[in-house]
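J.: TrEMBL feature annotations, pasted as is:
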- A:ASP199: active site, proton donor (ACT_SITE)
- A:HIS373: active site, proton acceptor (ACT_SITE)
- A:GLY52, A:ASP54, A:ASP448: Ca(2+) binding site (BINDING)
- A:HIS77, A:ASP81, A:HIS82, A:HIS145, A:ASP167, A:HIS395: Zn(2+) 1 binding site (BINDING)
- A:HIS79: Zn(2+) 2 binding site (BINDING)
- A:ALA237, A:SER238, A:ASN239, A:HIS369, A:THR370, A:SER371, A:GLY372, A:HIS373: substrate binding site (BINDING)
There are 2 protein chains.
Amino acid sequence: MTYSVDIKPNEVAVYALGGLGEIGKNTYGIEYQDEIIVVDAGIKFPEDELLGIDYVIPDYTYLVDNIDRVKALVITHGHEDHIGAIAYFLQAVNVPVYAGPLAMALIKNKLEEKQMLNRVELHEITDGTVLEFDQLNVEFFRTTHSIPDVFGVAVHTPVGTIVETGDFKFDLTPTTKQPPNLWSMARLGEKGVLLMMSDSTNAERPEWTKSEAWVAKSVNRIFDKLEHGRIIFATFASNMNRVRMATDAAIAHGRKIAVFGRSMESAVTNGRALGYLNIPDNMLVEQSEIKHIPDDELLILSTGSQGEPMAALARIAEGTHKQIRLKPKDNVIFSSSPIPGNTASVNAVINKLEEGGANVIYGKVNNIHTSGHGGQEEQKLMLALMKPKYFMPVHGEYRMLKVHASLAHELDIPKDHTFILENGDVLALDGENARVAGHFPGDDTYIDGSGIGDIGSVVLHDRQKLSQDGLVVVTATIDLKKKEILSGPDILSRGFVYMRESGELINEGRRIIFGTMRRIMNNSNASEADIRQAVIDDLSRFLYKETARKPMILPMLIMI
Amino acid sequence: MTYSVDIKPNEVAVYALGGLGEIGKNTYGIEYQDEIIVVDAGIKFPEDELLGIDYVIPDYTYLVDNIDRVKALVITHGHEDHIGAIAYFLQAVNVPVYAGPLAMALIKNKLEEKQMLNRVELHEITDGTVLEFDQLNVEFFRTTHSIPDVFGVAVHTPVGTIVETGDFKFDLTPTTKQPPNLWSMARLGEKGVLLMMSDSTNAERPEWTKSEAWVAKSVNRIFDKLEHGRIIFATFASNMNRVRMATDAAIAHGRKIAVFGRSMESAVTNGRALGYLNIPDNMLVEQSEIKHIPDDELLILSTGSQGEPMAALARIAEGTHKQIRLKPKDNVIFSSSPIPGNTASVNAVINKLEEGGANVIYGKVNNIHTSGHGGQEEQKLMLALMKPKYFMPVHGEYRMLKVHASLAHELDIPKDHTFILENGDVLALDGENARVAGHFPGDDTYIDGSGIGDIGSVVLHDRQKLSQDGLVVVTATIDLKKKEILSGPDILSRGFVYMRESGELINEGRRIIFGTMRRIMNNSNASEADIRQAVIDDLSRFLYKETARKPMILPMLIMI
């Protein structure tokens, strides 16, 4: 691939490989002369139209092309959109990794799974850690989010300091007992910040995000009231603070804990191993044991708070869960907000649970969820603390970046000092001025199973088509030389329901293709490709006329 | 008066003369050995039961007794509850005064009125000013509130730093363009704060108070929409930022400005003179001129947003205002929240205005007001920035102080490091420990007209009684020696309506008193006082029996 990037020796360059115009695959580069520091290596979960794609990672081409200059991968925190691509990243660019304790533990798990652990250099950092490279120094400062060990990063360069806040809220009463380091941030701001990149997730919310302590109070109040019946507590497995809150409340109320859902099981295992969860062995019960525990002494911790159909909670609601059969006195707590797009499935699960007689506790009125990202007031506070000369909103869809930029204007950062960029855009700053100094490929790379980037847009297009009108396979064996059809044509369909049920349609289709094949074969120069295309064209036209559908047509012609 | 205060030489002492258990008369002392710094000299507006009292100030006895040690009065900002008592304070304790520009201008007005200006030493301060005394240094740091030039104060003592935040919110987009100095606050916190005293006004609100910029947007949006009719804008005259906002919006929308209400007129005069308001001469119109201005080119700025019956707005609503007669197309904006207790009168004014055909814009839904005080999130931020070893919530009623203290506990300030005190309590700190080291009189002093402290609780009790059941005066001329009643008894009443209307009751009362007087006089040792008391007792008993009321009975007996 070719691209044009022109960074001058007196400029620091800043860019996103992922994270701009999207929530996900956060990967930012900061380079000055011979050194490049990469911040985070995230994945993005595919949107619905990316069928069969497990996840999406950035295109690392630019970093691979400059591999000798890449000095470190520094990690802000242990969420998938910040560390999920680490194995792929290190396969492309094997550099030392610096991360806080929880992120480091999760990274080690990932690398172990890929049997890469012994080939990678890992260093644990904490609040205040400074990494010294030749010309660049990297300083970590503690922030707050929905898991422990979350940091912002300041990269000190000869032309100024570049700050990447990472995901943050200002939780001044964090249940982690790891408050944000306001003093560090103020000190950075006072010394002077050239450019700040800051989390835009909640830029559209004109508020101060509530503390986890506030959720903890509600959860404890709810546990107090629920004297009878089991409690099923559903949240994101990645929200370690919330998992801690639920398990603490259970223990305080004498309820044993059973864990359901693969990601929740591994969150609890990790959290206990690392000391983020404080669950004594005797308070944890096997899934198979829950039937022996009295209802009012049991907490079931479950995935599925987003209504995911395969998750534990949806299966409980449907009555298809192997170990858990819903009881009329069950209490189900949704400690989460539906992600836009999931509202319908969440509501469906809630309805099913309530139809089953359960007492479902959800929604804002119960004060059982708060975001891990700061609202406008917190974004303004970060801007006020850092007072950057230039501002680049990151970690958000386009409209979030826009709103975040307009907040910065309200804090007197001029419009021409604010950059709303795309993945691959290179921003170059010499301390006085800032300019876009080129662009490199910032496209998505799709991960399907264990392959990297072997899925292109054609494949995705096919999967989309298949998902809509199904598939029609045409089989035949043809002797091209003798211009004879030895067997077939036969027609098989999948996902094209109408045809499967109509022998008539199949028979008529077969007749048409038979005619098509004969016609093309009689043409003296006909190739296999010609026959294939003609079969597709004719059958497609016929099926559309009869059914108004356009299934994918796949001729499987054996030529002998 | 006697009191017992025992401060050791190695201790700094901190106390409130006013401001604890109340909103008002903020006056705090910080003393170390031979130096006392006083912060603020506020008044309190009397509560309803203080009839005829203009305002309430602290008892300055302790400071007068220690007058040689008082080195300075430092002022946080120019609101009445912080500077209103300055003339009385300086009459008691004439020390140099240090204040920011707006407060200083208002103070000069006050001292000029009392012809005290030439007898007082005044110094203007700003953000970052440090005053150096023998052992104490006083540092000012900028905060935000509802007027310009608002500061917190840090008093650096040999045993540690004492911070008094003053009134604050964290308005990160202040319309004053004077943002809070977060870096100063962080620096103070990082160096170490021994004790913080912090504004508790909004301790019961679990939120981040909205910025004035947010109100400004709404106000401008509303002005955009109101193309026809006059706009009457009512707010607190003391909210200089809001006055600025309204006048700026008027000018931007081509509306001339007329000002009604004494306090608003003086706010506008002051604000213009000091540069806080930017109203060109040709945009300001005399009250008498408003009838010549087209409705859609006029803004009327008015007092009375709290429904005060004598204020301009209530009189407009009643139709009793001399210059302003309500028109059906008038638009009335209430840019304020009813103070608890005023809701009914505010609603009454709104109803009257709407009955008169006006379009009234009020309440939360229109986003036209925000508090000048920070909510819990901002109080937590102040605690997090300063991280004080000890905490003393101030500027609030008891329950606000309590909630504020519990917020501090959530931020890991231990309960025994938090002091909820009363006016006159002396907190002594040696850097390691803190203890209550005595108490001096912290009572109210009532100001009625020009007198100071000449109103006692008896007078107030009388006024209260008068206000409830009225007054009955008994006149008679008595020759005590001859034991004769020369004239009377006659009975006059005021405010005791029933009796005025009933000749029967008066005649019966006269008969009874006549009997009483004769009975007492016949007693050989009867004094004037005996007769007075007997008249009161008997008439009181009779009137209560007949009317179930207890008017004040005032015998005016002439003894010859």
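Each Cβ is built from the backbone N, Cα and C atoms, and glycine gets one as well.
Remember, TrEMBL labels are computer predictions, not curated facts.
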J.: Rounded to a whole angstrom, what is the C-alpha distance between A:ASP167 (Zn(2+) 1 binding site) and A:ASP54 (Ca(2+) binding site)?
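T.: That separation, Cα to Cα, works out to 23 Å.
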J.: Go through the recorded positions A:ASP199, A:SER238, A:ASN239, A:HIS373, A:HIS395 and tell me which ones have a CA within 10 A of the CA of the residue listed as 'Zn(2+) 2 binding site'.
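T.: Passing the 10 Å Cα cut: A:SER238, A:ASN239.
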J.: What subset of the recorded positions A:ASP54, A:ASP81, A:HIS82, A:HIS145, A:HIS373 lies within 10 angstroms of A:ASN239 (substrate binding site), using C-alpha positions?
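T.: Hits: A:HIS145.
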J.: State which of the following binding-site residues has the fewest other Cβ atoms within 10 Å around its Cβ: A:SER238, A:ASN239.
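T.: It is A:SER238 that, of the binding-site residues A:SER238, A:ASN239, has the fewest other Cβ atoms within 10 Å.
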J.: Go through the recorded positions A:ASP54, A:ASP199, A:ALA237, A:HIS369, A:GLY372, A:HIS373 and tell me which ones have a CA within 10 A of the CA of A:HIS145 (Zn(2+) 1 binding site).
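T.: Cα within 10 Å of A:HIS145 (Zn(2+) 1 binding site): A:GLY372, A:HIS373.
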J.: Expressed to the nearest Å, what is the distance separating A:ASP81 (Zn(2+) 1 binding site) and A:HIS369 (substrate binding site) at their Cα atoms?
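T.: One finds 21 Å between the Cα atoms of these residues.
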J.: Considering Cα atoms only, can you say which of A:HIS77, A:HIS82, A:SER371, A:HIS395 is the nearest neighbour of A:ASP54 (Ca(2+) binding site) among these binding-site residues?
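T.: With Cα distances computed to A:ASP54 (Ca(2+) binding site), the winner among A:HIS77, A:HIS82, A:SER371, A:HIS395 is A:HIS82.
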J.: How many whole Å apart are the CA atoms of A:HIS369 (substrate binding site) and the residue listed as 'active site, proton donor'?
T.: 20
J.: Neighbour count first, Cβ atoms within 10 Å, every protein chain included; then name which of A:ASP54, A:ASP81, A:ASP167, A:ASP199 tops the list of recorded positions.
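T.: Highest number of other Cβ atoms within 10 Å: A:ASP199.
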J.: Using DSSP with the three-state reduction, classify A:HIS373 (active site, proton acceptor) as helix, strand or coil.
T.: coil
J.: Radius 10 Å, atoms counted are CB only; among the binding-site residues A:HIS77, A:HIS79, A:HIS82, A:HIS145, A:HIS369, which position scores highest?
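T.: Sorting the candidates by Cβ neighbours within 10 Å, the top entry is A:HIS145.
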J.: Measuring CB to CB from A:THR370 (substrate binding site), give everything in the same chain under 8 Å that is also at least six residues away in sequence.
T.: A:THR209, A:LYS210, A:SER211, A:GLU212, A:TRP214, A:VAL215
J.: Distance check, please: Cα of A:ASP199 (active site, proton donor) against Cα of A:HIS395 (Zn(2+) 1 binding site), rounded to an integer number of angstrom.
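T.: So the Cα of A:HIS395 (Zn(2+) 1 binding site) lies 5 Å away from that of A:ASP199 (active site, proton donor).
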J.: What is the maximum Cα to Cα distance, in Å and rounded to a whole number, among the residues A:ALA237, A:SER238, A:ASN239, A:HIS369, A:THR370, A:SER371, A:GLY372, A:HIS373 annotated as binding substrate?
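T.: Greatest Cα separation within the listed binding residues comes to 17 Å.
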J.: Give me the non-local Cβ neighbours of A:SER371 (substrate binding site): same chain, 6+ apart in sequence, Cβ-Cβ under 8 Å, ordered along the sequence.
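T.: Spatial neighbours, sequence-distant, of A:SER371 (substrate binding site): A:SER146, A:LYS169, A:THR201, A:ASN202, A:ARG205, A:THR209, A:SER337.
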J.: About how far apart, in whole Å, are the alpha carbons (Cα) of A:HIS82 (Zn(2+) 1 binding site) and A:ALA237 (substrate binding site)?
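T.: On Cα coordinates alone, these residues lie 16 Å apart.
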J.: Cα of A:HIS77 (Zn(2+) 1 binding site) to Cα of A:ALA237 (substrate binding site): how many Å, rounded?
T.: 15
J.: Please list residues from the chain of the residue listed as 'active site, proton acceptor' whose Cβ is under 8 angstroms from its Cβ, counting only those at least six apart in sequence.
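T.: Once residues fewer than 6 apart are set aside, the residue listed as 'active site, proton acceptor' is near A:HIS145, A:ASP167, A:PHE168, A:LYS169, A:ASP199, A:THR201, A:ASN202, A:THR209.
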J.: Using an 8 Å cut-off from the Cβ centroid of A:HIS77, A:ASP81, A:HIS82, A:HIS145, A:ASP167, A:HIS395, can you name the remaining same-chain residues around the Zn(2+) 1 site, in sequence order?
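T.: Along the chain, the qualifying residues are A:ASN26, A:ASP40, A:GLY42, A:THR76, A:HIS79, A:VAL150, A:GLY166, A:ASP199.
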